[in-house]
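Student: Okay, so TrEMBL annotates it like this:
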- A:9, A:10, A:11, A:12, A:13, A:14, A:15, A:16: NADP(+) binding site (BINDING)
- A:106: NADPH binding site (BINDING)
- A:191: L-homoserine binding site (BINDING)
- A:206: active site, proton donor (ACT_SITE)
- A:356-433: domain 'ACT' (DOMAIN)
């Protein structure tokens with residue numbers, strides 16, 4: 001059978017990795033897919049031919065991405081440019097031309113996925129985006145197909161390798177956030193502008209996609225609550241460890257009676273949980289289904305070859321499904337497009353979690369009782385409270401508390417009242433806490 | 001669209017679970033699959049109607065399994081009887097009648113899969129067996145589709161929950177094998193005849209399937225090396241822990257220059273590895289691909305609802321692919337049937353691993369040197385050697401060694417020579433050791 005012809009947009013890290021994987025494993029991939037998969041036309045503005053293995057197998061390399069999506073020979077367009085523009089225009093034009101699309105662009109899918117999938121449905125083409133979440137881990141396939149029998153209850157994922165690397169180093173070496181971030185930038189694990197990673201925006205893009213797949217709702221990135229790790233202190237990491245917890249930057253989405261929780265924030269989790277032991281740049285996603293119980297998926301969440309692994313898996317999927325009646329294909333968001341639900345995404349104020357609180361209080365009789373009574377008045381029960389040794393020369397001592405679960409609105413009020421006390425110095429550090437047990 | 005009609009064989013644990021999941025999550029499953037999935041005809045010799053939720057939704061329940069596979073209305077037959085006969089006859093007959101098949105029967109697939117898949121190919125029908133390996137974890141889908149871009153290098157799996165429960169209890173409580181086995185039987189985690197689980201036969205069935213999917217070779221259960229956990233002592237578990245290792249009953253399959261390793265045996269692995277921390281009845285499979293690196297899949301490996309989760313996922317897959325040209329469907333063993341390789345499965349004697357050795361030696365000068373020189377003569381280098389305290393009243397002391405990697409044949413000869421020494425009492429305990437690092 002004739003090889004499938006692929007048009008490739010972008011020859012950066014992931015684009016180069018895709019060329020390498022398709023060339024290095026060409027024979028094995030064809031044995032799986034039933035036919036060869038060839039890049040017949042690629043476009044890149046700027047790339048280093050010396051650093052990409054397998055480049056010689058590409059039919060034609062130009063600099064005009066629009067020429068690729070207009071190329072009549074191309075059956076599948078692989079978009080690896082990133083960003084919103086011109087990626088969106090290119091993807092929509094490819095679909096309009098009746099071409100299938102594979103992309104690793106999480107920002108594009110999280111923000112414009114609803115529009116892209118509607119266009120694809122209209123034209124009867126497929127859009128693969130396995131590489132958009134957790135790199136090479138086949139988590140989209142797991143949610144969309146492997147767990148299709150389940151009522152998914154919640155998902156918790158470590159889905160940003162940079163953030164996890166920083167938190168792991170902070171714990172292992174007792175170092176501060178800024179210090180580790182600088183090292184991560186030197187090692188190439190973090191971008192020069194680390195905002196997307198450390199402020200949780202990248203994780204929010206990915207979580208938005210996972211949430212839609214799990215719960216059958218449209219993509220709603222703009223409703224995702226996002227808090228980064230820049231305010232997590234070395235002290236908090238150490239105190240959490242003393243209490244038997246690790247701090248991870250988790251994306252959490254959960255179905256509750258009031259709607260869907262969609263939130264990215266630093267989270268204390270019990271150190272016995274497998275996901276608490278996922279360290280360094282690795283990713284892991286924990287999914288709780290009503291039938292299967294908890295399942296976990298672990299692997300490299302970024303990098304040239306791991307991400308290419310997911311891109312090429314999508315290419316094999318599209319190749320295998322080329323002859324399928326479009327109405328019978330696996331739906332983009334796991335549920336059939338006319339079966340999406342309008343379950344609302346809840347505001348963070350309405351979400352219930354447990355909390356770790358740290359504050360600096362005057363070491364005087366009655367202070368702890370005053371704080372505890374504020375919490376009590378707000379309906380918050382305390383699971384543990386620990387007064388630490390004061391640092392030399394300090395008039396205030398660190399006070400660390402774990403609370404039971406409570407609505408975030410109550411906690412916001414409690415924190416405001418505590419911060420207003422004369423005996424309390426500065427702000428209350430608040431890190432949410434989850435048991436991830438069911 | 002009309003619901004898909006399913007014929008169900010067996011209403012035992014997994015059959016009952018399948019009925020429950022299909023009924024409880026019917027609406028959600030239909031939203032994913034694009035149409036309803038209904039059990040129109042079931043057959044069971046013996047079942048408890050009180051204990052199965054959703055039974056009332058089944059069109060017709062009889063006792064004749066052959067009547068189900070002959071029922072013209074049935075489009076997909078789900079075989080949940082287990083064993084070889086009449087499961088094989090029923091599955092082949094269903095295929096002959098042009099029906100798709102879904103099964104959870106690992107023994108049947110491991111031993112008769114080649115024949116079943118050939119018949120299915122001939123007739124243009126699908127055979128799903130996600131539930132045959134690791135219960136609800138979608139590991140077959142991950143290998144066959146999610147990692148389709150990769151040259152798979154090796155797989156190591158905890159794929160028998162009973163064995164893992166026993167080893168976990170032995171470690172946590174310092175108890176002996178026989179003692180924990182009796183408890184596992186009382187709890188219902190182990191069968192009255194535990195041979196299949198503790199001797200590794202069940203794991204070998206599953207590993208055989210994973211190996212074919214990974215390496216594109218036919219199923220070759222009869223060539224799988226299998227060693228159970230009944231000879232692992234509480235002492236070994238404790239000594240391994242002192243050295244920084246855990247003992248797990250692993251199924252390992254690896255591609256080497258000389259062929260394919262296919263082996264199930266107790267294995268020391270470094271305690272820092274995520275898979276070393278998979279405890280109790282849980283399963284996990286670690287897959288190393290050349291592009292994606294290591295990925296791990298974790299979840300419940302058995303039980304009514306987790307296994308039903310995989311059965312129903314296969315039903316959704318078949319439903320989604322009903323209109324696909326048979327030549328374009330995902331191939332049963334990941335690779336196209338005429339593209340299977342004849343790479344040989346290696347005999348265990350030719351496999352290279354590291355080893356943990358324990359023996360009882362006379363506490364006299366020169367004994368340790370004699371043993372070390374035998375190992376040296378066989379080309380085996382020692383990574384660690386520890387003489388333990390003798391137990392009260394014993395003339396011999398336990399000697400524990402870790403070796404570097406060596407061909408098993410060399411180790412067999414070394415062990416025979418050491419056991420022949422007058423200064424050594426009884427047999428040498430040998431447990432293989434893997435770093436699972438690359």
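Placed from the backbone N, Cα and C atoms, the Cβ positions cover glycine too.
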Student: For each of A:12, A:15, A:16, count the other CB atoms within 10 A of its CB; which of these binding-site residues has the top count?
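Tutor: Counting every other Cβ within 10 Å of each candidate, the maximum falls on A:15.
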Student: Where the distance is taken from Cα to Cα, which of the binding-site residues A:10, A:11, A:15, A:106 turns out closest to the residue listed as 'active site, proton donor'?
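Tutor: In terms of Cα distance, the residue listed as 'active site, proton donor' lies closest to A:106.
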Student: Would you list, in sequence order, the residues of this chain other than A:9, A:10, A:11, A:12, A:13, A:14, A:15, A:16 that have their CB within 8 A of the centroid of the site's CB atoms, where the site is the one recorded for NADP(+)?
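Tutor: My list of surrounding residues reads A:8, A:17, A:18, A:44, A:47, A:80, A:81.
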Student: Looking only at DSSP and grouping its letters into three states, which state does residue A:9 (NADP(+) binding site) belong to?
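Tutor: Strand, per DSSP.
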Student: Reported as an integer number of Å, what is the Cα distance between residue A:12 (NADP(+) binding site) and the residue listed as 'L-homoserine binding site'?
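Tutor: So the alpha carbons of residue A:12 (NADP(+) binding site) and the residue listed as 'L-homoserine binding site' sit roughly 15 Å from each other.
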Student: Quick check for the class: what is the C-alpha distance, in angstrom and rounded, between residue A:16 (NADP(+) binding site) and the residue listed as 'NADPH binding site'?
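Tutor: Counting only the Cα atoms, the answer is 18 Å.
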Student: Around residue A:9 (NADP(+) binding site), how many other C-beta atoms are within 10 angstroms of its C-beta?
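Tutor: For residue A:9 (NADP(+) binding site), the count of other Cβ atoms within 10 Å is 26.
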Student: Report the DSSP secondary-structure composition of the domain 'ACT' (A:356-433) as helix, strand and coil residue counts.
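Tutor: Summed by class, the stretch gives 23 helix, 33 strand, 22 coil.
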Student: Spatially speaking, which of the binding-site residues A:10, A:11, A:13, A:14 is closest to the residue listed as 'NADPH binding site'? Use C-alpha to C-alpha, please.
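Tutor: Going through A:10, A:11, A:13, A:14 one by one, the Cα closest to that of the residue listed as 'NADPH binding site' is A:14.
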Student: For the recorded positions listed here (A:10, A:11, A:106, A:191, A:206), which one has the lowest count of neighbouring CB atoms within 10 Å of its own CB?
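Tutor: Candidates: the recorded positions A:10, A:11, A:106, A:191, A:206. Fewest Cβ atoms within 10 Å: A:191.
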Student: With the cut-off set at 10 Å between Cβ atoms, which of these binding-site residues ends up with the most neighbours? Options: A:13, A:14.
Tutor: A:14
Student: According to DSSP, does residue A:14 (NADP(+) binding site) sit in a helix, a strand, or coil?
Tutor: helix
